[in-house]
Structures are given as C-alpha cells and as structure tokens.
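Below is one structure; the comments refer to it alone.
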Amino acid sequence: MLHRTIHLFRKELRLHDNPVLLAALESSEALYPVYILDTAFLTSSMHIGALRWNFLLQSLEDLHKNLGKLGSCLLVIQGQYELVLRDHIQKWNITQVTLDAEMEPFYKEMEANIQRLGAELGFKVLSLVSHSLYNTQRILDLNGGSPPLTYKRFLHILSLLGDPEVPVRNLTAEDFQRCRAPDPGLAECYRVPLPMDLKISLESLSPWRGGETEGLQRLEQHLTDQGWVTSFTKPRTIPNSLLPSTTGLSPYFSMGCLSVRTFFYRLSNIYAQAKHHSLPPVSLQGQLLWREFFYTVASATPNFTQMAGNPICLQICWYKDAERLHKWKTAQTGFPWIDAIMTQLRQEGWIHHLARHAVACFLTRGDLWISWEEGMKVFEELLLDADYSINAGNWMWLSASAFFHQYTRIFCPVRFGKRTDPQGDYIRKYLPILKNFPSKYIYEPWTASEEEQKQAGCIIGQDYPFPIVNHKEASDHNLQLMKQVREEQHRTVQLTRGERCCSTHIPCAVAHRRSSGTWALGLGFGCFSRMLFHVGYEHHEQLFWLLLKCCPKFENKSVTLFFLPSPLGASSCLLQKCFPKTRSSPPAPPADPSAPGWLHVSPRCRNLCSSARASCKPSLLTSLLVFVTMICPMR
C-alpha cells in the first residue's frame, strides 16, 4: 500500500544524497515536504544568534526553490512540532512520517515523541542516518557498546566496518511526479518566513550564504583544484588569512545543505588518481573522520556538553568572572590577535580552526581560566557551523579537559599570529582602530610610546584597552593549576589518552608506547609505503626485517601488520609474522607460506589481497596505510 507521507526536514536541508526522502518518494502516493519552525524548541535546545537564523532561513528558501524545480514545494509550518504534526496528520490523512535520524539528545527525544504519536494516531515512522558517514550505533556495537575514546581506536573500528555507505542517487522530477504534490495554496500559506517576521536583524548577514545550491558551488570550486585537495594538511593552513585557507564548507555540513558522504567519495576519487596525497588525520578526509569521532563519542557519553556529570571530562574549579568573559566575547581583551578573531566571529560567523584554538586556549587554560562551557555557548551562538558534538568536543580538547593531553602547549596571543601574518593585515581589517600602528607594534600596541600612539590615532587605555592579563604570569600560574588537576584526576585523564611518541631511527616511522610491555609502530606514508608496493607483497618480511634491525628494542616481538587501502579500505587484511631475535640475515621467501614461524594468511585474507591487487591502481596502492603492532611475548 502506498502512503500519504509527511517528510519532515530537520537538519538535512538538501535534495542530493537524501536517503530518507528518496524512500519516502518511492513508498508514497502523496508527499508533503515540511519544515516545522518550532522556535521554542530551537531556542531551548541551542543558542542561536542572528547570523545562524539568517543562514537557516536562506537554506530553507533555497530548498523551497529546488523543490519547486522538481514540481513540489517546501511547507514551513510555525508552531510546537507535536501540535503541528497532530493537526496536519489528521487534516491530510497522513499514514507515514519520514525524517532524518539525528544523534543529539533533543532530536532523539523529538523522534521518540513522534514514534509515540505514531502509535497513538496510527501512522508509520521511518528515519534513516544521512548526517554522518556512519551510523554511530554500529561503531558503538563493534566497540563493545561504548564509544572509542581515542582517535586511533576509532580508526581501528572503522577499519572493521569498511567504507561508509555510498551516497544515494539524485532525485529527479519523475520521482516527484509519481507522488501527488501539495496544493499550490499551501505553499503560499506556509511560505518561508522573512528575517523581519522573526524579528531578526537584516544587518546580521554573513559572507556565507545558506543553502544547498551555494554549498554545492563551493564544493565544486574546491574540488576543481585537485592539487590543493591532495596536498591539503590542516595544520599548515593559515589562521589569519583574509580569505579562508580551509574549505569553508563546515556551515553547509552542519546545516545538512551538503552531504558528508558525497564529499568523502568525491575526495576518494581524486585521491585514487593521485600519485601522492595527504592522509588522516590532517587530510580533508581526516577532517571528516574527526567529525565522525566526536559524533560517536557524543552519542554515548552522558552530559557531553557540560563538565558536571561528564565521565570523560576533568572536573576543574574554573574561575567565575563575568566581566572578563564579557570582554573576551566582545573583543576587548587588549590582545589585538585575540580581539580580531572574536570580531571576525561576530561579524561573519566563521573563523579558522587555529583561530578557534587560540581564543579557546586564551579563555580557558591559557590566560583567563574560565570554563570551556562558557566559550562553547558563545561559539554555539555565533558560529554558522556550530554543532552539538563537534563544538563541545573541541572545547573539551582545547581546554585540555579531555582528548588533548599536551597541556603544556599554550598559544601565545602575540607570537602565534605574528608567525603567519607579521604585517598584521588581519588585525588591521577587523580592528581598524589599530590600522595605523607600525607592524612592530600591531600585535603589542601597548609597547608603543605615547607619541607613537598619538601618531597612530589610538591611545591605549582610552581608544583600545590595555591587556586584560599579563600573559606570561597568567599562563605560568594556570599551567601549575592544570598540572595539579591532572595529577589528582589521573584515572579520568587516562580515559581519552592516546599514544605518546618516542623517537626511532627510521624515517617516516613513529613508535608509540601503548601500555606496560606493549609497543605500537605506525609507518609513514612516504617512500617506505611506496617501496612496499614496488617490491610486492611477497617481500614484505624482508623489508620489515630491515626495519627491526634498525630498531633493536623491537626485536623478539610478535608483529601484526594491517594493510588498509586508502581510504580506510573495506578490503583490509591481517598479516602476522614472528621475527627471531638471533636472525642475522634477511629471511628468504618461504616455500610453504603456512609453515610455522612464517607469514600466516587465512584463505579469506589471501582472497582479499588478490582482490586488492587486481582492483586497485598502483597509485592507490602506493598510499597504503600500514599499522604495525608489536606486542612483547608473554614471560
């Protein structure tokens, strides 16, 4: 039986790669595309500033236009979502409600309420995941029901899952022609509201225009430069460039205007054609996997967006200083680099990720010792790409409350910006009051003489504030506080601690200490991985013998090798090899591969190896991701 369906848009404000909308079209004789603008729900669940409201309304208007091109329309109904659904389900004789599955607690609660309403009124509810690469529940199940709390563990679970599901096909006018469209009068009755209808300032307009159309155009623009895509490494982008040095696509992913799976596979196609490309965690795909990591951890961590009751977060007695918090938020700290960033955030709704690092460190463990929750709320209000999981996860990271453990690294509010913009062009743009200062004073205008300040037309202490703190004194004091907290809460620290690097004698190799008696060695992706391909699979043992001879501390260890064709790879295989401590010459290839002490590969793994060699291009095989886990034998 075909349904009469309400398709409920929530965060997936697009037509491409929208599996639940496609399922709704294929199972319905009549389809009502609906967005319920429940302002009470939105404002109680999250902090939304004027820039994000405008971006949302622009995205809804774009969605309405794109639906119109296919013979349908978007109905934006204002009101409490449960009352709206109850009313229109009966009015339109609805038998099915479809919606995108989300992982935020408030969206999960909404879906549960809709399920209960369906049981009461007799309609079916269908929800599918499309906002993330993976269904986070599958990751949790593979990890024993709990979230992987380190990025390395997370990547291991993904290697077991294989590649994400591919995007579904694009929708066509024929898909909508099979379903009865809403009456044209409804579109006028339930039009997308204007900002003035919601009392939103028209002055609050960001350079980022909302909508699927704009998002796809930006995506195509970036993917055209394949050299930039393949060489992208996030730490090397510039935090104070006047134009974004990253993709600037995050607002479109956050609002669901762009499909993350579409981006992932477009990147995969480009990587497959390249001789060399950057790899996770710093590559573009690596950024998508970081997003997935925080989604997974947030989905199964109680009180993820707060400190109290959060089992993975350090419990820190932060200062409560409303005055300093307000000065940070309103760009009045007296540090031009910090204030320029906060000005850009307020004006445009976007700042570079390293700029986010700088202001977050300054507010929390670096200078002001104010809770990360306060900064998270400001970002949630002002950022166009504010996201429940990523925002909270990054703030815990940057405040060293969880995930990040090199807490002695503190961003200097003067030197950090100087490194990439010594002339201070970024500061001059966003803090024009300082634009006439010579470059040597632009980051520290309080060091200019009174005469030089007069010549610049800005007197420090009158036209622009003195620094809110002495950075050296404050950071040294806070460092001691953090050290004490981490010593007292050692068990919590260990929950999200990754591996700590030590040096080896092999280029492109990094050894990691995992636990007592256990070591892990991750091989780099440069010349060594290319050598693995050129000599062929049958000679891996000789190469790793050479590796071990150069790393004596790894001799007499059991070695486990993981080969994952990039990206991540569904056709991964496990190879295991034991290297005797007394061997003084490279091993010869064994006549019998199953002989004891040699390479052991199951028939399934042999098939996977053969499949990988047959189906992968050499350029893909050269970027094999190789994990080597060396476990000390039991004594």
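Yeah, the Cβs are placed from backbone N, Cα and C, and that goes for glycine too.
Feature annotation from TrEMBL assigns domain 'Photolyase/cryptochrome alpha/beta' to 3-133. Per TrEMBL, the feature FAD binding site maps to 246-250, 287-294, 385-387. Residues annotated as site 'Electron transfer via tryptophanyl radical' in TrEMBL: TRP318, TRP372, TRP395.
Feature map: TrEMBL annotations on the structure.
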{"residue": "GLY248", "record": "FAD binding site", "CB count, 10 Å": "18"}
{"residue": "SER250", "record": "FAD binding site", "CB count, 10 Å": "22"}
{"residue": "LEU288", "record": "FAD binding site", "CB count, 10 Å": "21"}
{"residue": "TRP290", "record": "FAD binding site", "CB count, 10 Å": "20"}
{"residue": "GLU292", "record": "FAD binding site", "CB count, 10 Å": "22"}
{"residue": "PHE294", "record": "FAD binding site", "CB count, 10 Å": "23"}
{"residue": "TRP318", "record": "site 'Electron transfer via tryptophanyl radical'", "CB count, 10 Å": "19"}
{"residue": "TRP372", "record": "site 'Electron transfer via tryptophanyl radical'", "CB count, 10 Å": "26"}
{"residue": "ALA386", "record": "FAD binding site", "CB count, 10 Å": "24"}
{"residue": "TRP395", "record": "site 'Electron transfer via tryptophanyl radical'", "CB count, 10 Å": "26"}
The rounded CA-CA distance in Å from TRP290 (FAD binding site) to TRP372 (site 'Electron transfer via tryptophanyl radical') is 20
For the domain 'Photolyase/cryptochrome alpha/beta' (3-133), the DSSP helix/strand/coil residue counts are 63 helix, 33 strand, 35 coil
Expressed in Å to no decimal places, the gap between the Cα atoms of TRP372 (site 'Electron transfer via tryptophanyl radical') and PHE294 (FAD binding site) is 16
For GLU292 (FAD binding site) and TRP395 (site 'Electron transfer via tryptophanyl radical'), the CA-to-CA distance in whole Å is 16
When pLDDT is averaged across the domain 'Photolyase/cryptochrome alpha/beta' (3-133), the result is 96
CA pair ALA386 (FAD binding site) / TRP318 (site 'Electron transfer via tryptophanyl radical'), Å rounded to integer, equals 23
Between the C-alpha atoms of TRP318 (site 'Electron transfer via tryptophanyl radical') and SER250 (FAD binding site), the distance in angstrom, to the nearest integer, is 30
